[in-house]
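All remarks here apply to the structure that follows.
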Amino acid sequence: MSLIATVGPTGGVKNRLNIVDFVKNEKFFTLYVRSLELLQAKEQHDYSSFFQLAGIHGLPFTEWAKERPSMNLYKAGYCTHGQVLFPTWHRTYLSVLEQILQGAAIEVAKKFTSNQTDWVQAAQDLRQPYWDWGFELMPPDEVIKNEEVNITNYDGKKISVKNPILRYHFHPIDPSFKPYGDFATWRTTVRNPDRNRREDIPGLIKKMRLEEGQIREKTYNMLKFNDAWERFSNHGISDDQHANSLESVHDDIHVMVGYGKIEGHMDHPFFAAFDPIFWLHHTNVDRLLSLWKAINPDVWVTSGRNRDGTMGIAPNAQINSETPLEPFYQSGDKVWTSASLADTARLGYSYPDFDKLVGGTKELIRDAIDDLIDERYGSKPSSGARNTAFDLLADFKGITKEHKEDLKMYDWTIHVAFKKFELKESFSLLFYFASDGGDYDQENCFVGSINAFRGTAPETCANCQDNENLIQEGFIHLNHYLARDLESFEPQDVHKFLKEKGLSYKLYSRGDKPLTSLSVKIEGRPLHLPPGEHRPKYDHTQARVVFDDVAVHVIN
C-alpha cells in the first residue's frame, strides 16, 4: 500500500502546454517557478520533495512512499528501460509529479493578496509543460540559459528570482552517490560538462543547432513507421524494424543534454530525473505516445521480457499490460497497470493537439493527428534546388496532399547495432558525409547520431553484467539529406552518391576503447503510398537493398 495514491491533478481534464507558450503565461509560469522552489526546498526525506520524486527513477534505490517496506528488493531504480513498459511506466511517473506540483501551486496561489481567486483557478488548471524537441529543439532561455527569471510576486509586483528550472541543488548530496565519481561531489545538477567538470551551455546550444534537423526527422519516422507496440515502445532489437523507437529518440535527448566531455546528470539513468529539464523532456515523450496512440487506435501494450531488473519488477520477468507499475497505486493496494493508461483523461490531462477532436470518432482523430504529424514533423528536405526527389519526398511526408497514383520510393537509412553495455558508460556515434579523415566537422557534413543512454556504473553492477550482450539498434534516415543532391532515390543513384561522398563516424566516449560490437549497414527499403492514403507503407513484395561495398570509415 502506498502512502501517496497516484490520482493525477484535480479540477478536470486540462492541457499540458508547450513550454514555448507556457513561459509567456504569467500565472502558469509564476506558479510553476514558485512550486518548483517549494518542492526543491523540502527536506530530502519527504516523499513529496523534488529529491524523493526524482529518486523514484534511479538513486538512492529506496522504496517510495510505502506503508510497509518490502523484503529482498532488487537494488535498482523503479524506472523501466529497454522493454515494453517504458512509455506507460513513465506516464504514471509524470502523473504523480504533476499532482504534487499542483498541490504546491494551490498552496502558493493562496499567498497572493490580490486576485487570489484567479490565482487559485490558475493553480487548479496547472499541468506540467512539455518541451517539443521534435519541432523546435532549442527550448526557451528560461529552460536553458537564464540564471534568474521574472515572475509576479504575491503583492502583484514583478520580481526576479533564481531559476529553479535550470538546476537542482542537493541538500545534502546523498550518500548513495558515493560510488559514482563526479556525481558524489557536484552540489547541483550539471548539463553538458566540460573536462574541468564545469557546465558548458554554449557547447550544448551548438549541439542543439547541429542536431535539430535529424531529431525532427527521427520523430517523424518514429511516429509514422512503427505500427507495432514492440517496435514503437523501446530501443531493443525487434523484427522488421525500420525506424527508431520512442525510447531511442528519447535517449538522444538525454545524451545530448547530459553528455559533454564527461557525463552529466541527464546522461545517467540513475541521476537524470534530478535535472528539472527531465520533466519537460518526458512530458513530450508522453505527448508523442498520445499522438502515436491516436494514429494506432487499436494497438496498446504487448507482452515482453524485463531484461533489466527494477525495484518493482524482477530481472528477466515476463511483463504485459497487466504488470503492476510500481510504486504507483490508484488507491489502497490497487496498483496502476498499463491496461488502464491508454486514456489520459483518467489522469486529468490532455494536449492542445486534441483540442478540436474531443468526442470525435477514432477514424476522425486518426486522420487529424496524421495530418498534424505531417505538418509539424514532416519537414521539407534540406535547402537546395527543387528536384524530382524533393517533390517525391514532399508527397510521402504529406507536405503536398494530392496524389492520384501509388507512389513508390526507397527509404534509405544507416542501420546501427551494438552491445549497449560494452563500453561501461554512455556514448555517442556521430555520422558525417566525409571520406576517411575528411573535413567532417562542418554543419553541412553532419548526418546524424545514435546514442547509448546507460551511464557509468560500478564494476559490481549486477544488472550490467547480466545484460552485457544486450543489443541496441538505431536508424539515421538519409532521404532528407539525399534530396538536396540527387534526382532520385533509386539504388543505383544513391550507391554512386555514397561511394563518391563517403561516410564516416566518430565515437564519443570517455575512454579510448573501440566499439567492437558495432554493426553499420546502409539499407534501402521500398515504400509505397497508395492513392488517398496518409501513411506510407513498406512494400514487402520487394527486397530491401543493402550496400555491402560502401565503406563507413572511423574518424579517430
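Cβ atoms are placed via backbone N, Cα and C, with glycine included.
Within 10 Å of the Cβ of His81 (Cu cation A binding site) there are 24 other Cβ atoms, across all protein chains. Annotated Cu cation A binding site per Swiss-Prot: His57, His81, His90, in sequence order, evidence recorded as similarity to another entry.
In sequence order, His281, His282, Val285, Phe453 make up the list of same-chain residues 6 or more apart from His250 (Cu cation B binding site) whose Cβ falls under 8 Å from its Cβ. Under the DSSP three-state reduction, His250 (Cu cation B binding site) is assigned to helix. Among the features that Swiss-Prot reports, Cu cation B binding site is placed at His250, His254, His282, with the record citing similarity to another entry.
Sequence-distant contacts of His254 (Cu cation B binding site), defined as residues of its own chain at least six apart whose C-beta falls under 8 angstroms from its C-beta, comprise Met266, Asp267, Ala272, His281, Asn451, Phe453. Under the heading substrate binding site, Swiss-Prot lists His254, citing similarity to another entry as support.
Summary of the Cu cation B site environment: with the site residues His250, His254, His282 set aside, the chain residues having Cβ atoms within 8 Å of the Cβ mean position are Glu247, Asp251, Ile253, Ala272, Phe278, His281, Val285, Phe453. One way to see the shell of the Cu cation A site is to take the Cβ centroid of His57, His81, His90; the remaining same-chain residues with a Cβ within 8 Å of it are Gly77, Tyr78, Cys79, Thr80, Phe86, Trp89, Tyr93, Pro269, Ala273, His282. Annotation note: His81 (Cu cation A binding site) sits in a coil segment as assigned by DSSP. Reduced to three states, the DSSP call for His90 (Cu cation A binding site) is helix.
For His282 (Cu cation B binding site), the count of additional Cβ atoms within 10 Å of its Cβ stands at 24 [all protein chains shown].
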